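Taken from TrEMBL as is:
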DOMAIN    17-480  domain 'Amino acid permease/ SLC12A'
TRANSMEM  20-39  transmembrane segment
TRANSMEM  100-119  transmembrane segment
TRANSMEM  131-151  transmembrane segment
TRANSMEM  157-177  transmembrane segment
TRANSMEM  247-266  transmembrane segment
TRANSMEM  286-313  transmembrane segment
TRANSMEM  347-365  transmembrane segment
TRANSMEM  371-397  transmembrane segment
TRANSMEM  417-439  transmembrane segment
TRANSMEM  459-477  transmembrane segment
Amino acid sequence: MVQPQENKLHQDLKGRHMQMIAIGGAIGAGLFVSSGGAFQTGGPASVLLGFMIIGTCIQFYLVMQALAELAVMYPINGAFTMYIVRFVDPSWGFACGWQYAISWLTVLPFEISAACNIIHYWPGSEGINNSAWIVPLLVALIVIQFFGVRGYGEVEFVLSIMKIIACMGFMVLGIIINCGGVPTDNRGYIGTRYWHSPYSAFLNGFHGFCTVFVTAAFAYTGTELTGLAAAESADPEKEIPKASKQVVWRIAIFYIVNLFLIGLIVPANSELYKQEGSTSRQSPFVIAIQLAGIKVLPSIFNAVILISVMSVANSCTFGSTRTMQALAANGMGPKLFTYIDKKGRPVSVIVLQLLFGCLAFVNLAPDGGEIFTWLLSLSGLSILFIYASISLAHIRFRNAWKHNGHSLDEIPFKAKFGVYGSYVCLIINILALVAQFYVALYPVGGPYLGAANFFKSYLAGPFLVFLYFIWKVYSWFKKPSDRPFFVALDKIDILTGLRVSIEDRRASMVDLPPPKPMTLQRRVRRILGNII
């Protein structure tokens, strides 16, 4: 079959789509539901500190900056997977890419099942078989895919606006609750009551902090989707840096301020965390509203959680399909996966992703939950490996760029903290992997040194190594150029996929006016512009 636009995705994403894709990918169940477990094991101070370190200060911002620099230079399909292949090692890129794709493949049926569970929050839904919810949710995802990347972008835009409104509304409500402004809340002024005896700001000491550290790393997953979206952005040089600056700070503010307020108004040992039924009943946001005695609003916030879960399900199809198509287009997957139709849709991998969504029906079986646990364990750590590998790819790119005699002035967008930020990010991700290894061996509350619990938490590590050796062994016989453990600096390709050629970039630099002096007023305006 002759493909009219083989391996060519349409560049239909606008700036507003890029902004909301990052927000939609990050603000979800990790904030609204999973953070409840972090409060119970680590306490409010550990949660605040862990999310600040991972989110604002180190990993989240630095990864996005490094990825933005590479994506502006090379807005290619597959983004960070191909950067790892090109700048680090093809075998490592193959392993990271397929594990990342598989993680999204397995997360989709999980999110659909989670949506069904959340629906059971409302009275009258308990007796209805989950098939009645799974089918329309899958149909909705199919309809979105029919409209291509523009449909995905528009849906994320709408859903993300809803989540932003919910986050901002809860900030206001949380302050009112803490100050004793809710008539139905008999606790009055709360202040920092739940940070002091008989409560504790730090639960389970360093052990508890490690669990929060890992939870925080996972909670920010999804912002890297802006890197994948670069190949389908109408103006990557303008929109990707803008997204990497503004969105990072917006999400960090939403996470940190909301979690700080939760730590003030919900005790970590609240009995409401042990409620039976829908998992959203254990959401610290829903619990905060219940403790204040506010009626109706818990149901409204449950709807927000449902929207968040469906937003992640929508992101699953984008993250997995673009990664698998890029791997296949570069000879690292079945040729069938390379096909893109006239509307820029990678049809074959979209069909595969939606077929994986049908695994949600497995959850109807008595042991379905256990099956999902093992499926998700294959990719549970994938984001830490991805973030570390993006940082390493950025370091290697900078070294290769310098090795070939090019200056930093020729790079259109430079990461704020340069290569040093990527070194810091790489170290932090390694420490997070060590912390997860420690928690997998010695989970809070036990049982310690249990093989089943360890592999449920850390199976992704051995799985990544397995994928790595698959391509390393294959390339040893079929692709001798991929045999080395690292791509040598003089072998790194820095020209293929450039958005603007080096010659054109140099020519445009000649006509640039000299930079204006950085006054205090301009600094303040730039900081506010990055946030607002």
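Placement of Cβ uses the backbone N, Cα and C atoms for every residue, glycine included.
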Determine which recorded stretch among 247-266, 347-365, 417-439, 459-477 has the most C-beta pairs below 8 angstroms with the transmembrane segment (131-151).
347-365
Could you tell me whether the transmembrane segment (371-397) and the transmembrane segment (459-477) have 3+ CB pairs under 8 A, leaving out pairs under 6 positions apart?
yes
The transmembrane segment (157-177): which same-chain residues, six or more beyond its ends, come within Cβ distance under 8 Å?
16-17, 20-21, 23-24, 27-28, 185, 190, 250, 254, 257-258, 261-262, 264-265, 285, 288-289, 291-292, 301, 304, 307-308, 310-311, 314
Within the predicted model, mean pLDDT of the domain 'Amino acid permease/ SLC12A' (17-480):
85
